[in-house]
Every structure is written in C-alpha cells, then in structure tokens.
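Peer 1: Encoded as structure tokens, here's the structure I'll be asking about.
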Amino acid sequence: MRAIISLFLISAMVFSMIQAVPEEEGLQLSEDERGGCLPHNRFCNALSGPRCCSGLKCKELSIWDSRCLG
C-alpha cells in the first residue's frame, strides 16, 4: 500500500513539473514580444501584435502577409 501511494505522489510531482515548463516558456515569449519591436521586413499584425520599430510601419502586402516596411 505504501509503495502505491509513493508511486502516485511521484507521478503527480513529475506530471506537474512537465506541465509547468511549457507555461513558463510561453509567458517568457509573450513578454519578450511585448517589450521589443520588429525590424525591417519582419511579419507583423497591423491591428494587434508586436509593433514595428520606429520609422517603420506595418503594411499589408496581401490578405495573409503584413510586414514592417519604411
């Protein structure tokens, strides 16, 4: 009985550690995107999303393609 409880607790700890890693990485990526700007000729979103660096504007080239251009 003790072995089953120990195995259950270890499994729960491993599962929680595996589940926590992608969430932390996702938060880190979104913070980096919000803080930075996009350089010339990078994909952007005119309505939301990362902003282009100063002097550049997000221009819609087609329905599926918007880029930071001067």
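FYI, residue positions are counted from 1 along the chain as it appears here.
Even glycines carry a Cβ here, placed using N, Cα and C.
Not my notes, these are from Swiss-Prot:
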DISULFID  Cys37-Cys53  disulfide bond
DISULFID  Cys44-Cys58  disulfide bond
DISULFID  Cys52-Cys68  disulfide bond
MOD_RES   Leu69  leucine amide
SIGNAL    1-20  signal peptide
Peer 1: Could you check which of the recorded positions (Cys44, Cys52, Cys58, Cys68, Leu69) sits closest to Cys37 (disulfide bond), going Cα to Cα?
Peer 2: Cys52
Peer 1: What are the non-local neighbours of Cys53 (disulfide bond), defined as same-chain residues 6+ apart in sequence with CB under 8 A from its CB?
Peer 2: Cys37, Leu38, Pro39, His40, Cys68
Peer 1: Are there residues of the same chain, six or more positions away from Cys58 (disulfide bond), whose CB falls under 8 angstroms from its CB, and which are they?
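Peer 2: Expected: Cys44, Asn45, Ala46, Arg51, Cys52, Ser66, Arg67, Cys68.
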Peer 1: For Leu69 (leucine amide), list the number of other Cβ atoms lying within 10 Å of its Cβ atom.
Peer 2: 14
Peer 1: Find, for the listed disulfide-bonded residues Cys37, Cys44, Cys52, Cys68, the residue with the lowest Cβ contact count at a 10 Å cut-off, counting only other Cβ atoms.
Peer 2: Cys37
